[in-house]
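Annotated transmembrane segment per TrEMBL: A:12-35, A:42-62, A:68-88, A:100-122, A:149-168, A:200-220, A:232-254, A:266-285, in sequence order.
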């Protein structure tokens, strides 16, 4: 077994692993987008900027206060989530009665501000973030070498995605949430505080982006632009998957990451656009998305 | 659900008669006079930049303001045409008018393809699809050979218009750009006031009802999309000749955002709003470039302020305040 389809297995599995890593971030981000969209009917354009914010909070914690990775993994999502709650309370909540497109435009403006501020202070070059000691090194799996940290990212994002799915589909709070997505007025009439749930949902969705940012910090460098290019791909992922189901968003995220990795092996020039091409094909065949519902 | 954006537009949109209203004609005459005199007062290249972006914003406004479709990927048409024009003029040695024509044709074709895909979904999805498709164009511009990657296509010769008029003279260049802008503007004006434009507005207000009246709304939406893309391409191609340059900036998503801002600031669904918005944004960018303030932050703040405080935009607010006589 020296080659598979004319490709050395190390290269193939290496790219597949890279695809799986990318897919982990697509899944985490599109999950957050789907949760927010379900409740607020807003596409959060600031999602990429908040992912970047999560990475930067981790980096600032390390360089300014000497607080390491594990605490950052807890603190950064909290900071980003709190920031999200603030945004929702002060700005987004004013727009719910209007056309949803205004929510998109508002969050686009917010993304420009957040990104612009960091670019002003830190430039466009990346800041390195060290891999925590516990996860240095790697495992030799026989057919490939698996760096520990990358394995951790895949496992961590899988756990977070599954936990979110469980919380929304299998718990009482999740049932309230799903009910409020279907018919907020009725749920409010039953005595449930829907505005609070909306705020909490936005905070949670955004905290997921912050968490993804911390996970990404040691792999990609921490840079102000790390979110904006990613978010457009995630939008395409969301269009492909459809925002009807949580599991759908997660599966599409991983699937497209893997597919992107495969494209890098066989036809590297197309790896940047493969997701968009798939989006076009899906739109032609099943406009509502793979897991979406026509409405 | 989508009520207020429509209510706002209904107030600000031009009256629904076949003939343009008198205030519009007066405003147009004033605009024309200002633009004819402008190069003697202001730096011509600056005004040309404003005109190119004004046409771009007007084309974008045709889609959002009159058909209710928010495209977040118009940079693909603007920048795509800029690349094609720059390449055909510089490498193939075509005269500028042919280069612009080819660039515009390219954008029209691209618009047909993107539009056919994007109109399969509505609202927010429409915006996301157009954004994703335009990002594809961005990556192609980054990777293809003829676009010059990070450098773009530089030093495009301005050449001679119809083989006679030397465009390296900035005044001749200016009046050519003005003619292009006026052509685009009048096309949009006529479109908005035509029966076709009325059907577009009907679709914007209530698509199911337009369908039940027997209109094939998808055809209308696609036609509006192609027309908008074509005019955006015309603006982009002209821009490539004016600045003798086509770069990645023209196809980046920030450019799509900028044109949204221009239209929003000036007034969505108004005829003159995009022109005012483009002039303001270009002026602002010029001043900010010299200062220490970070441009994206200021642009972002204006975006947020527009969405929260004055959604009608400048021209829309004026029309709403003095609008009693108009309808």
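Any Cβ shown, glycine's included, is placed from N, Cα and C.
As the structure is a computational prediction, the values presented were derived from the model and not from experiment.
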* Counting only CB pairs under 8 A, let me know which of A:68-88, A:149-168, A:200-220, A:266-285 has the most with the transmembrane segment (A:12-35). => A:200-220
* Asked: Of the listed stretches A:68-88, A:232-254, A:266-285, which one has the most C-beta pairs under 8 A with the transmembrane segment (A:200-220)?
  -> A:68-88
* Structure fact -> If one takes Cβ-Cβ under 8 Å and requires six or more residues beyond its ends, the residues near the transmembrane segment (A:266-285) are 5, 7, 233, 236-237, 239-240, 256, 259-260
